[in-house]
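Swiss-Prot lists 334, 335, 336, 337, 338, 339, 340, 341 with the feature ATP binding site, giving sequence analysis as the kind of evidence. As annotated by Swiss-Prot, domain 'Smr' applies to 713-788, with the evidence given as sequence analysis.
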């Protein structure tokens, strides 16, 4: 980009705004070197960095970077063997400590899974030097003062200095506060030539002896070092020399420590400067209420609600500026003072800012193009130095532009063709626009020539525009109206200001018919635009209202669905809890019956297989999480069929099959669910067809009346499910028979059956213990079970 256009459009002023947010010397260099470029990949990288900066600004208030000086000269000096002073070492130390702090800052963001496009790349380039950082912090404070902790020797020397100073002060205090005080000009202790002295009146200079170091301007006071403290001052001076030598040694040592790491330190300062620059761009974006634009792959410019960045964001009027989609040339017509030039500059400056990677004051989803050059001929940059006329000045610039322009250029012309005969000027303006159009350039031009209003209608890829004017307030609104050519509004303004209506009508008659028709056409277009805008706003209102209603209904449905599922789940859990309690009670009752049979010696009570069947049916009552309540077919069948005793139904709450016993009235029925009898509402039942009678089940365990139960159960060759069912029945029968222990033979095989039996025995309430059989009785191919 040529330097002239940057100044014309105000890019340098934007850089000055950016500098306000820079805190490091390297960051200042970044701003100074900032220029718009045309490399898409590099621009995208810059914009990504700006987006990252805005994200940090939003999440953490910005990147924590303190004020840092330029340390590059320091690194060059130590490279040639020079030593740094305390202030310079402190500046290097701040770079090292900032490096550590930034590393921790970005690591914390990474741990919190905050994503960035580019910032983590810069963080990876920071080289933390903890030991060097520790040494500098310990030895040098922020002001460059060498601390007592820099070395044990320095600490001891300074302790001696403080003691010597205390002794000297005490001695001098005794002099100035004793009987000799009358010989002094003032009762104070001061310093001359780095030695402690007292102010003695001229006439008493021999009273104290010692050395005269200075006298007052009047000569009436001599600053004397009394002989009593000569030796003390000498000793103090020696200690101060020792301190200076030790400090020099420490500074040299620390400077030497930096030499091997000078490249890392220099690069750290460079990276911190980059981060400072990114941070400043984000802070500028926040102040301007700016966003990062997208790069248009079709090279279109779509700036939504664009504002000029150098105007007060609270007062600047925002406008939509679009060029490149349906048209590549915008001709803004109409009178001066309406904001045409500002609109022109806004387009150019925002495009330059975007190509420099800066945020721009537009709405989200705005798009920028990429131009190899931006050219401008603005009315307020006439060449007074060259004593050229307005027309000559403009034409000189235009000739230069036409020689360089191509299809990747953005051209901005203010008052094209002005400064000469209107007819000739308008003709030249049209010819220049045609020439630019033939080269494929993107153009925005302002003019007050009426001939160019027609041009916007007749040329493909060109559109008229104007700046809105409020006739009621007689002031411009600064709103850009695309598609509507401008008009002077002279008749309307004159009428509102009180000009006689007959004069206005006479003026209209004088005005040629073609111009009058054009103005009427423009007025009609403007009225149509206002109507379309009103209709659009109404339609937008209805669309927004519908979208809000849709969102509310969707959320309400989701809440309803979730609440319904919660209630169903709650009912299932409650049902399972009731059945679990019933099962536990049934188990206790069955156990008690067995004990009573054993104690009484009765063998003809309840048959064993009946007890087992009852327990199995009870277990089957556990509620499966079915969706029977949603089955519309079953619901319809229930409504069509009248219920009667003996019918089979599904109890919806539990999802289990049962048989109706009797009608309790009021829509309530007694239902047999396995071994349980329950009262159930008709609404909670769905009629089903009766099940076919199942074939009698063959079991290996029989009641005490009909079969003898052995002390050993052989399961070899049985399927897994069949074997476990048989074990369950066998254990119950063996307990009923009164056996203290039994043996279950399962074989070795793959171990699956053995594992399953072990799990079953582990959870059986009547089993006391179990273990594999002795080796001579089957080993791990059989399990010995002992009962309670």
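For all residues, glycine too, the Cβ spot is worked out from N, Cα and C.
If you draw a 10 Å sphere around the CB of residue 341 (ATP binding site), it holds 19 other CB atoms from the protein chains shown. In the three-state DSSP scheme, residue 340 (ATP binding site) is classed as helix. In the structure shown, the C-beta of 334 has more C-beta neighbours within 10 angstroms than that of any other entry among the binding-site residues 334, 339. Taking the Cβ of residue 340 (ATP binding site) as reference, residues of its chain lying under 8 Å away and at least six apart in sequence are, in sequence order, 332, 334, 414, 446, 467. The residues of the domain 'Smr' (713-788), classed with DSSP into helix (H, G, I), strand (E, B) and coil, number 35 helix, 19 strand, 22 coil.
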